[in-house]
Amino acid sequence: MCGITGWVDHHRFPPARAVQDTGRDLEAERLLSAMTATMACRGPDDSGTLLQGPVALGHRRLAVIDLEGSVQPMTRGSDGREFSLVYSGELYNYRELRGELATHGHRFRTTGDTEVVLAAWQEWGPAAAERFNGMYAFAVWDAHARELWLVRDRLGIKPLYLLPLPGGVAFGSEPKALLAHPAATPRVDGEGLAQLLLPLLKVPGRTPYAALRELPPGHLLHVRADGSHRQRRYWAARPEEHGDDPAKSAAHVRELLEDIVARQLIADVPVCTLLSGGLDSSALTALAVDRAGDRIRSFSVSFTGSSTPTEDGPYVRQAAAHLHTDHREIVLPGERLADPAVRRDSVLARDLPNGIGDLDLSLHQLFAAVGERATVALSGESADEVFGGYRWFHHPDAVGADTFPWLADTPAHGRLHQRILALFRKDLRERLAVDDYVADQYRTALAEVPHTPAGDPVERRMREISHVALTRFLPTLLDRKDRLSMAVGLEVRVPFCDHRLVEYVQGLSWRNRTHDGREKSTLRAAVRDLLPDSVLHRPKVPYPSTPDPRYAQALREQLATRLADPHCRLPELFDERALHAAVTASERGSLISNLGAELALNFDVWLRTYNPELP
């Protein structure tokens, strides 16, 4: 896992006369070094750069496979053509591809997946992306054609941001890399500010920063020799329906999961699992135990400040005991989460203030603790989106709402969307036309759903909900997991995002996916023999938050201090009464009661650190 950055700018090349005289573009060298350095946390093990005419490639490495080799940027040439690569991610089928490429005459100097990606591009060009199974974002420079290609994995597990330039484009794994470029400023336009008010909704291709874009999942960007560029999709979640019955579908899901976990356990560094005691993480841990042979390490999170354990606690212990994992519970003290430095680190990790409650803080601290003991972790993230685990997949009011079901004004998601919007100034919400913006995005999302012959309206509707869950909700979680884990040098893999599993499950009827009258029926049936009944039949619960009343009190005191600062910019965005309520709340502390103070403090850190220009 790594961080990548760079640019191609044909208008900037050839360089100025002074540069031609010395043979070095010192200005470009300094800029590339600065952009690459912003992502040191993503790659603490090594750093490399390449400047070649109009192209610049920068790389920070977290070594996971082939620890001594696979140095980047990597260059390969044959038949008069030379290709250079910077790559972030993991290719889980690299061994098979390596064997296939060897039959085409390719010879390899390293044992990792990086050279396989580069050789595959030499052999198949852009069609190579369709052969890859993994999580990745990479840039390939074709020196002969003077063209740059940028590629992102199918589900968007790994991020890739873009900055359009007059003669090409700059790119980076994180916005901070591009904000180090002189062509970028942290200006937020009206649409970008609307997105900041909607942290539960991801708009493909857009970022809150007006200058920056995001390469959407499953897309390639081709930058030609004249500086023009074209973006195209190489994969979409458009599964074909099949008639497998529940027993056959459960067996096939089990077969897929066994193969997926086996592939994702491959590493030359310690691998562990994140265990919550729920169905998803317990299933992955069980499959990892089955495959690894050695005792698997697992980690869970809990908090100080309460006389009762988290809801996860008993189930975590039952799962760990049943599976005989080497388990460690990471206990997060409320005073650590309340430390302003921890909040600042989590906001800077994401370059945005869109964390919900204390989830970003606790995940950041959990990942930091896990990262001290392992380099790779398997996570159950995305099983709920793939198999239909959330309440809003099943609540009639959410399913029937003419909007994204998790934004519907129903109890299915705790009315979290409505609570968040109410924190912001009414005149701001009206000026940004937030409701209209959501409605427009919803229509756009539904237009992407493949048309099916007239049939069961329930099946049609659930196909729509499955699509928007994968394309508008899941990306918010994947972004959070990537940014917070990579900020502390931990690679988190998400087996349930394997595109083969996604395509197969999306092709199942909703009736099949809920055949036992519950959520995630197919997954439960697939791993029934691996888990204790208590874990297997445990209802879905959200990620825990700290119950420590001292944490809640610290939030209010910190917010009161910030509001007393005459330079505080929070009143530009937040409703005055909402800020007052956040400071004076009398509840002992919960995700909902702390919501206003949490979000305001996140925005305060972001406003002070990035000093964005707001509309």
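The chain as shown is numbered from 1 upward.
Note that Cβ sites are derived from N, Cα and C of the backbone, with glycine treated the same way.
Keep in mind that TrEMBL annotations are predicted by a computer and have not been checked by a curator.
TrEMBL lists LEU274, SER379, GLY380 as ATP-binding residues, and of the candidates VAL253, VAL301, VAL347 the one it assigns to that same site is VAL301. Using CA atoms as reference points, the recorded positions CYS2, LEU274, GLY380 were checked against ASP113 (L-glutamine binding site), and the closest is CYS2.
Secondary structure at VAL301 (ATP binding site), taken from DSSP and collapsed to helix, strand or coil, is strand. DSSP assigns LEU274 (ATP binding site) to a strand.
Straight-line distance linking the Cα atoms of GLU381 (site 'Important for beta-aspartyl-AMP intermediate formation') and LEU274 (ATP binding site), rounded to a whole number, equals 10 Å. Around the Cβ of GLY380 (ATP binding site), the number of neighbouring Cβ atoms within 10 Å comes to 22. The recorded positions under consideration are ASP113, GLU381. Their Cβ neighbour counts within 10 Å are lowest for GLU381. Residues LEU274, VAL301, SER379, GLY380 are listed as the ATP binders, and the farthest two of them sit 14 Å apart at their Cα atoms.
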